[in-house]
Amino acid sequence: MAAEPPALRLRPPGSTGDSPPVPRLLGGCVPLSHQVAGHMYGKDKVGILQHPDGTVLKQLQPPPRGPRELEFYTMVYAADCADAVLLELRKHLPKYYGVWSPPSAPNDVYLKLEDVTHKFNKPCIMDVKIGRKSYDPFASAEKIQQQVSKYPLMEEIGFLVLGMRVYHLHSDSYETQNQHYGRGLTKETLKEGVSKFFHNGFCLRKDAVAASIQKVEKILQWFENQKQLNFYASSLLFVYEGSSQPATTKSNDRTLAGRFLSKGALSDADVLECNNNFHLFSSPANGTSVGKSLSKAYSRHRKLYAKKHQSQTSLKVETLEQDNGWKSMSQEHLNGNVLSQLEKVFYHLPAGRQEIAEAEVRMIDFAHVFPSNTVDEGYVYGLKHLIAVLRSILDS
């Protein structure tokens, strides 16, 4: 079991100081504000809360599901655990801090878990159920029929989007989708449906796609090398930073642009495209041709850098000025000196400029985990197909 978490301010991720107060419930807890799927507090018999210290409280489900999930976390996070497979599995789960019960209701037991979103300013969150079967081997015929009818394509697709919450830059707000959105996705619309999670209203966040692929591939590697456990109706929780000003200490693209562009030259409404979390700008009157040209210029800058510079120094201005690509750009589409100012941004982009976004992918929901002596083929199938879809989005 992990050590107690540091105390955190109890404010919904992405909220501001002016947000209305959240009603406090048992022991000062509040409903989890950024939950995208699963049992909702106040709507279902059991639900998910947030503790004043920032951890997530998941109420145990009725037997046998609740005790089974508790047993899973207890086994994986046992202090004396020496099983290499389970120790490796910890890397892909939320940290577990034991159980918690409110003083006024000691018989209500909650799992105390890490809030995977806590380090993000504007967390974009997606819950994806993995596997070809969303029912376990001991399910009744009625339960099997119920689960199959919810999403008949589960066997073929291998995963189901249960919900998502995406931050949109232009409106400073979140777009949410529930389980009905995922159930409506077909083989033909699956790619577009998943890509919606990575679109911030201005552009497709390919940096977040790439980061997510890396995380899922590590989980796949774990599954391909273990024959101890089989998972049913379990999910992956995807999280990435939706803000242009992440909470981490890493420099961000808006900061870079602000360093080199004169005050007032660009506004938030001017964002046109972004490439690997880099924002490109133009006036609405200029049309999309400017953004495409600037995108090409930025790509050319990166290629020139990789080809001619092995050190960490940035390109000199005169190097790129000699490139005819800049001369071929349509000047009548540009306002004033924006192009030359954007050139300066490109020149000063440091090497390895945040190619991969800040992102997390964690396994959640373990009420249907069973001992096994074979590879979990259903889960592996789902992971591989999900990776294929993500790669298709990245390559589009």
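Keep in mind that glycine also has a Cβ here, set from the backbone N, Cα and C atoms.
Among K58, K91, K150, K187, the residue that Swiss-Prot places alongside E114, D115, V116, D127, D365 at the ATP binding site is K58.
Site annotation (Swiss-Prot): substrate is bound by R65, K143, I144, Q145, Q146, Q147, V148, S149, K150, Q179, and the candidate from K129, K196 recorded at this site is K129. Swiss-Prot assigns the feature region 'Disordered' to residues 1-22, out of the candidate ranges 1-22, 243-264, 287-308. Apart from K58, E114, D115, V116, D127, D365, the ATP site neighbourhood in this chain, defined by C-beta within 8 angstroms of the site C-beta centre, holds I48, V56, P94, L113, L237, R362, I364.
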